[in-house]
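As given in TrEMBL:
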type	residues	note
ACT_SITE	Cys14	active site, nucleophile
ACT_SITE	Cys14	active site
ACT_SITE	His119	active site, proton acceptor
ACT_SITE	His119	active site
ACT_SITE	Asn134	active site
DOMAIN	1-180	domain 'Josephin'
REGION	288-329	region 'Disordered'
Amino acid sequence: MESIFHEKQEGSLCAQHCLNNLLQGEYFSPVELSSIAHQLDEEERMRMAEGGLTSEDYRTFLQQPSGNMDDSGFFSIQVISNALKVWGLELILFNSPEYQRLRIDPINERSFICNYKEHWFTVRKLGKQWFNLNSLLTGPELISDTYLALFLAQLQQEGYSIFVVKGDLPDCEADQLLQMIRVQQMHRPKLIGEELAQLKEQRVQKTDLERVLEANDGSGMLDEDEEDLQRALALSRQEIDMEDEEADLRRAIQLSMQGTSRNISQDIPQTSGTHLTSEELRKRREAYFEKQQQQQQQDPPGPLTQPCEKPTTSSEALSSELGDAMSEEDMLQAAVTMSLETVRNNFKTEGKK
């Protein structure tokens, strides 16, 4: 495929691209085609002048722009036909009834020139294979022999004028090479406009990404993502704080419920007086729990009864204030409070000493 000459579209010079792709080389330039167009314009002017220089038709002809070329680079079929005459080639209208009556199979021809709305392109056989050499494509498009007739018929339905190129085309490297080998095309070439649109979209996406990275100091993180991250971290810290508080409470309850013989006096100085050790607190708490269970077994279900008089110890006084309706969890919390109160009293007493 690399050996095939394929000019891509520039401006409106499709007629130039069509001729060069047909002849497989840079045979024509815009200057040469413009020269042919001016020559055709002069020949037409001379024919119109034969009717009289003062005639209405001649004055109208002089006022009209050239029908063989324009400023955009478009050239007429007359310009293309005259350019091919230099190489001994002529054009026959493929759509004409005269040619259709010949019933020539398109596969037996060598090349076609197609035109629609001022756009020209070539379909040519190189070696033993057909190629669409449209300058609007990014590269030559392989056309199978079975698809050639359908391809031309489709062009006719779309309004194209198709011309058969008659005569011997100049030799070219691609034709000689493809006589010996056959090529395969895995991907069809795209239109130049489609490729440019894709490249532009890729550049726009790249620019947007670079702008985002710059706005976020290269971190690539959007403001919304940063806010989500901050909210997640805050929730995580709250959960950790709650877990820490619950853990502290569980540890305090566990310490107050321990039934070992180890007392607080091992950690702080032992003092005399009415202060209670952890062992004494444990025994009194057990006695209180046992008494509460016996009371519940003796009293029938009904309104809560008033507790009997008990010695006015610190633990029992606290239980009396809370009432018999205390739950086990409340009792445990009260025990923790008493333990902490005992430790504080010990510290105060030691400080006074």
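A Cβ is built for glycine as well, from the same backbone N, Cα and C atoms used for every other residue.
Using a 10 Å Cβ-Cβ cutoff, Asn134 (active site) registers 25 neighbours. When the alpha carbons of His119 (active site, proton acceptor) and Cys14 (active site, nucleophile) are compared, the span between them is 6 angstrom. You'll find the Cα of Cys14 (active site, nucleophile) roughly 9 Å from the Cα of Asn134 (active site). Annotation for the active-site residues Cys14, His119: lowest Cβ count within 10 Å of the residue's own Cβ, His119.
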